[in-house]
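In TrEMBL this protein carries:
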- 1-278: domain 'Band 3 cytoplasmic' (DOMAIN)
- 333-863: domain 'Bicarbonate transporter-like transmembrane' (DOMAIN)
- 280-328: region 'Disordered' (REGION)
- 364-384: transmembrane segment (TRANSMEM)
- 396-425: transmembrane segment (TRANSMEM)
- 445-463: transmembrane segment (TRANSMEM)
- 475-493: transmembrane segment (TRANSMEM)
- 575-593: transmembrane segment (TRANSMEM)
- 613-631: transmembrane segment (TRANSMEM)
- 660-680: transmembrane segment (TRANSMEM)
- 701-725: transmembrane segment (TRANSMEM)
- 761-780: transmembrane segment (TRANSMEM)
- 787-805: transmembrane segment (TRANSMEM)
- 835-859: transmembrane segment (TRANSMEM)
Amino acid sequence: RWIKFEEKVEDGGERWSAPHVPALPLHSLFQLRTCLQKGTMLLDLDATSFKEIIDKALSEQPEEAELQPALRERLAALLLLQPQHQPTKSLLQLLAELGLSPCRGRKPSCPTGHPPAASSPGQYPRWPAHGFCCFLSFFAGKAKGRSEPRTQVSKTPLKEQLRNRFKKKVPPGAEAAHVAVGEVEFLEKPFTAFIRLRHGVSLGSLAEVSLPSRFLFILLGPPRVKAYHEVGRAMATLLTDELFQRAARQAEHREDLVAGIEAFLDELIVLPPGKWDPSARIPPPSHLPSPCRRTTVDPLDQQPHGNGDMTAAGDRASPGHPRSGEELERTGRLFGGLLRDIRRKAPWYGSDFSDALHPQCLSAVLYIYLATVTNAITFGGMLGDATANMQGVLESFLGTAFAGFIFCLFSGQPLTILSSTGPVLVFERLLFSFSQDHSLDYLEFRLWIGLWVAFFGVVLVATEASHLVRYFTRFTEEGFCALISLIFIYDSLKKMLSLADAFPINWQYRLDNVTSYSCTCNLSSPARCPCVTDPSSPPTLSLQPPATPAGLSRTQCLDRGGHLLGTSCQYVPDVTLISFLLFGGTFLFCIALKRFRSSRYFPVGVRKLVSDFAVILAILASCAVDAVLGLETPKLLVPSKLKPTNPARGWIVFPFGANPWWVCLLSAVPAVLVTILIFMDQQITAVILNRREYKLQKGAGFHLDLLCVSLLMVVTSATGLPWYVSATVISLAHMESLRKESATSAPGEHPEFLGIREQRLTGLAVFILMGVSVFMAPVLKHIPMPVLYGVFLHMGVTALNSIQLTDRVRLLLMPAKHQPDLAYLRHVPLRRVHLFTVIQLLCLALLWVLKSTVAAIIFPVMV
């Protein structure tokens, strides 16, 4: 059988082989061409049953090949016998049969025209113009002059056909084609017939599964060793070829079919007989050329690329953003690009909510929510340190929830996730220091900068400045994405290493000294009894009871004004070790479960479910390990009260009163730098998210997105909340969690990537959960921070692996003979590839050094 690739019943008739690329003898194709030139051909036949088809095929033979009436009857009786199929059985069925017949051996060959080792379905190629799929059943065997009594083909499908699990592999709308070949001793010359029905007709129990049929090919004749079998395989392979299917559907005469075979032969690639094993089965490739590309390329042009170079170069070409799309074309009118974005996105607004009704979206919401919470806590803590708590964790939570919700509701690309970024944090730190040095009110000064940035942003939208995005090349996109990804990786590792300061590792602990370790509570005055411990003595747990009669705990002792005395008072369990284990375990769990989709274990539905919820399952597993061990690892702490972090400030920032009047004009100067920062950060992220490789169907909205970010600057500045812009890594993780793949895939065929589940609901749900996180603190406090840092590391590594730069860096370390067969290596000299990579790495290193210094304020200009 063929469904995309060939499968054979293994010896013993109990198991289908692994799918493989069919390898045909060249002579069988020439014989098939002769059969079509000289045999019976019925095109657009009107028939409703298999018996009617056979009767018409036998009665309309050419005069030179016409059979005697007696032979015709015997041949019809033979063809109408019920074929024996090899069903696709579940594991439970196989175990049940094993229990009933544990010593089953090889079946004897069947004396009829259709032995059990012969049934085989074929490929279901897709019709570019008609959406037609072909499913093919293949019968081959040897029939003697007299056969045992057997039932005929049923006019209705059998129960076995209706229950056959193999039908799940066949896509909706598929049709069947049948190839019946065999050796018949009572024939003196071959009988050949090619039949195309006008309409697809269900032929009862003929096929392995119940499907409408359109094509039939019959070749029976006197015994010739394997000749008919190979011709039948050639016919089946042709019927599974997209271009020959088109020729077979549209053929009006015999010559049209022969021309289809000639076109197939023109593309044929011959393997030398002494250089490969004909019994070897060629595994299916991961990528196949599209039929459209095959029709547009002259076969003669492919001769220098006999190993598929043209195909690989075309199908694996580097995708980019829609540089020639109408999203980036100038209209020449004020706000022309913005209005065009609104007209483009408005028809999709309703489907942006209905398309989210899928279990995969629930997984994406939980995953991105935890990532966003961790990011908000991290940046909120750093903002608090940089601004004396004028902006803290609570402001970060509320700002992220508000800005993200509004952006997802009205933006042009709702898959984007807003967040605080490193360059914005650097600017906030410099601005606060400048305000302190010159006795200016920080929040009021920041308000005027935000208002100017919003004004400049609206001007950029009005003048269609986003069309400059078309000049962003892969060089810039990859450099920016690599920098942000490395920041995520670096920050997650830095946070983990800082745990060693809060929870020091007990390097000096010695088990033999356990009897000398103790800790007691001393309630006397510190002047009379100072609390001194020997720093050289290793701290550890004391198994001795407290010296005080009350048996006070450490907290009770300190609350009563007491002091801890003893060598084990500073003991801290090895929290750092378990934290690193949770960190690394979460990261490895995420990687392993994400790859589970392509595993060979369990049914495809289970694999998809596990892969979709990979990050959530990894977090739950790590949290369960932490709960079982019961160690006091650092936990996720969420603000529980709705009040500003700094009591000296309120929720509304007034524009006048604290600073001189000229500050509102001076603010325009730093606002220019922030505008450049916001524009570059927002638009580069938008370019990365709207690449062709993601197959987005609803279009981009560069102007609309920039307008939303600019207007949000007004609100966040007036309320003293952090400024927000598109977060590259989290947005990429959001899109990766919403990947769509084909539900039906043939044996040996990889699921086809269909695009991204484009909708607004996941982003809205994430930011609604962010807003109510203040009330979820009792639940969230059980999540260890090392687990969330492991998720951060996974996001950074995943984003880094999504760019071509990573592959080219690996090439620098590989000898030429071990390098993969990449498309650009076939057309670009290796030294040029290495030069391009080295320049990119140098620019990336410069950006890294720049962002780590005070000069980070000019980071967007350097990008």
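These residue numbers are counts, starting from 1, taken along the chain as shown.
Positions of Cβ are set from backbone N, Cα and C atoms, glycine also.
With a cut-off of 8 Å on Cβ pairs spaced 6 or more residues apart, the transmembrane segment (787-805) and the transmembrane segment (396-425) reach fewer than 3 such pairs and are scored as not touching. If you count C-beta pairs under 8 angstroms between the transmembrane segment (364-384) and each of 396-425, 445-463, 575-593, the highest count goes to 396-425.
The stretches the transmembrane segment (701-725) and the transmembrane segment (761-780) are not in mutual contact, being linked by fewer than three Cβ pairs under 8 Å (pairs 6 or more apart in sequence).
Note on the transmembrane segment (396-425): residues 341, 344-345, 352, 368, 372, 375-377, 379-380, 382-383, 386, 487, 638-639, 674, 677, 681, 685-686, 689-690, 699-705, 708-709, 712, 715-716, 719, 721-727, 730-731, 734-735, 738, 756, 758-760, 763-764, 766-768, 770-771, 773-774, 851, 856-857, 859-860 of its chain, located 6 or more positions outside it, place their CB under 8 angstroms from a CB of the stretch. Against the transmembrane segment (445-463), stretch 660-680 has more CB pairs under 8 A than any other of 575-593, 613-631, 660-680, 761-780. If you look at the transmembrane segment (613-631), the same-chain residues 6 or more away from its ends with a CB under 8 A from one of its CBs are 363, 366-367, 370, 573, 575, 578, 582, 585-586, 589-590, 593-594, 596, 737, 782-784, 787-788, 790-791, 794. Confidence over the domain 'Band 3 cytoplasmic' (1-278), given as mean pLDDT on the 0 to 100 scale, stands at 73.
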